[in-house]
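**Q** Okay, handing you the structure first.
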């Protein structure tokens, strides 16, 4: 670096050896280079790229040294490769019978639910619809003339509840279960055959995205364990690439992932050798079952103890990173301050003696965060500085583990080694750390923007045709889950599958699941039912995407090829195709001309030629094999057994270019390409856009669970989580992503399901009103009906019994427990009177006044702490929030109303027992649903926080004053009361 130049203009690329032959326990990683964008002022243009190789640990394996400068110019047209340079040509040999050998395979199947259960389920739905219609008609025809206001409020609420129930229930008419055949997948893609004599894997590549944004709320140890579980999955190593998106640009996360890359050289071969499950070390070593069960190898006990000791040391290093980085930075900053002071003294002497004028040097050095090599961390500093804050920092790309070779690399064996890895493949998948550039004045679009940056960077570096995204706290629990997802993509008609959604499963939740954190009703009933229509919604994590679907292209049509068509069947720009009336032989693209409108593609994807050229390659590699059962175009067997192109500095430099903050300007990213912007629930909108184009999705339930994660189990965090989801739904309702405006390719029942997503928060208005009706009824002495007639009771009985019957049948075909169903019902009312109501208000404010809504990141749980012995200590953590005021008011009001009504009826000369019975039952129904909320207010061991007593007292005083005012008005002949 030349003197006087800004350090921001010299990017560096990270690099760590992926050899894995030695297993050092040092916390230092071998070598790394950090790459920063060449445009610190956000002005895209040519810049020089300085490559610096840093020697960190001489005991680790050496990496070939690369030094020098790479000059990366702007992507002008003169230097752009033509799109035809990456055209996939099968060649003249495609007519050969060997290449066109047709394979008949089925990788998935439908597991039918009992026809009797489904028939009864649909009959009960019809019965309940009819009974609701008759009941509402009867209610309208029989008003309560003594309390019309009470009758009118109740009827309006009941009409909305019936409408809301229909929106939720109708999409559940066609539930299905899908199963995969992993053995058939292996036989088709990884078994020697005439087209693949060596039996090398013909499976497509997968790019795995792991996202994190705050090292304080998302502990680096949790993220590191997630990375380790991904690196050790049962999928071809050379076909797997892992990207960690650190949107906070934290050095703690950076070094934690580097530590994980080093520990992976021990952990991954150990898992492969002994078939460890789960492959998250924290979860595996924390299992309460016998770890030696079914382990027959004589060396397992010894090697497990060695790996456990190595993991404990790894945990200590990772947990100590914040302190060690702070201590290191303080030491370097002290040296810099001494240098600055000496420079200032030298300047002062020079000015006094020579009487010359020179710029005064800075007396105080910046409080920088330092890397272990003695350079400034280019991301966010602990003490924010210019170009080093959370919203203003450079890009960083670090290749922690190199792309592996195609041939297995066996470890070393023999006595005296801690791990005998003879015959074990010790290769590791490629691992890349990415932190996109952020600058003031640019909208970074939160998680959606970070995901789109990963999509572009991964397209250039590995270009896997499929993308799996995981939150940092969701780890791989089933090492074969990736194969389960690929079964759907590679099956017949798999080319129309946009994504495969896995259910979210959670750990660390209290056995009773007090606040319905498992959300099993949504994951095992709603999403499973949508699987029988057009597919489940995308829920933000645990989802395997087809890259071309994420790019915004339409699904392929069924057609036959005419006149040497070119390009890809996925893209609407292809000409000369006609519908196929009968199933025809699969054909391959072999033309010599390209009919892509490059200008349009470039407008959508940006100026990067590498990115544009990668689109066709990803589409081709993501096709299922050509089979006799498919009328669509497939890829030839054995076409993905070749070697992957190694990474070079020019490629990584281009990856840095596409994650710059200015790259998305005047492109379709976030609007029609990638994750969609404009909502805090970008996941639902992104999946909706795919379904709107006609894509299909599948729901993949595996045994054991594919992924597991953590969920907030205390009441406050749970309410804030639900608030975020509900706010996103309100945003969807008031946007163009409302299902009402969707195109004709979205099926009717799927449209209703998406419409319900946008409407359900508005039910909170009617829930809140309905919860206040019992105390109003008890205080006034009237009920929602004038008298409890037989017709009313019969209708009520039929509606209640039909609901219970539907619940039992849903439990039968979904596999959830009745307790989980009931917990969901309880939290539906708790959330409806708190978070959903606030979400509606926030959404309306955003639409009318343009008030932006911001949310804090939900804290992820970590190991250790003051209550280390109590697994559910967080459950009793009480943090007051204004969201608790409406439910607390409802509880107090209903309890007071019951006591008041009982006393009044008992001491009344003309007691109205029917009204008391109806009102008390009504209020008890509300209180029964509020029980988990009330229990949460009690804290641990029934110790109610003081703030609850304060608010209860205030509410009681307000109610007393209101009652006195009403009584005085009634005595004076006023008309204050509505009764």
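Positions of Cβ are set from backbone N, Cα and C atoms, glycine also.
Here Swiss-Prot flags 247, 683 as active site, drawing on sequence analysis. Annotated compositional bias 'Low complexity' per Swiss-Prot: 14-24, in sequence order. The region 'Disordered' annotation in Swiss-Prot covers 1-24. The transmembrane segment annotation in Swiss-Prot covers 116-136, 147-167, 765-785, 788-808, 837-857, 882-902, 913-933, 946-966.
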**Q** Considering pairs 6 or more residues apart, do the transmembrane segment (913-933) and the transmembrane segment (765-785) have at least three CB pairs under 8 Å?
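**A** They do touch: at least three Cβ pairs between the two stretches lie under 8 Å.
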**Q** Who are the long-range neighbours of the transmembrane segment (116-136) in its own chain, taking Cβ under 8 Å and residues 6 or more past its ends?
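**A** For the transmembrane segment (116-136), the nonlocal Cβ contacts are 155, 158-159, 162, 165-166, 169, 173, 175, 795-796, 798-799, 802-803, 805-806, 809-810, 812-813.
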**Q** Are there residues of the same chain, six or more positions away from residue 247 (active site), whose CB falls under 8 angstroms from its CB, and which are they?
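**A** Residue 247 (active site) has long-range Cβ partners 211, 212, 213, 435, 436, 444, 446, 447, 450.
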**Q** Hey, what's the Cβ neighbour count for residue 683 (active site) at 10 Å?
**A** 24
**Q** Give the nonlocal contacts of the transmembrane segment (147-167) in its own chain as ranges (CB under 8 Å, at least six residues past its ends).
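**A** Residues packing against the transmembrane segment (147-167) from afar: 129, 132, 135-136, 139-140, 752, 755-756, 759-760, 763, 766-767, 769-770, 773, 776-777, 780, 782-785, 978-979.
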**Q** For residue 247 (active site), which of the three DSSP-derived states applies: helix, strand, or coil?
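**A** DSSP assigns residue 247 (active site) to coil.
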**Q** According to DSSP, folded down to helix, strand and coil, what is residue 683 (active site)?
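**A** Reduced to three states, the DSSP call for residue 683 (active site) is helix.
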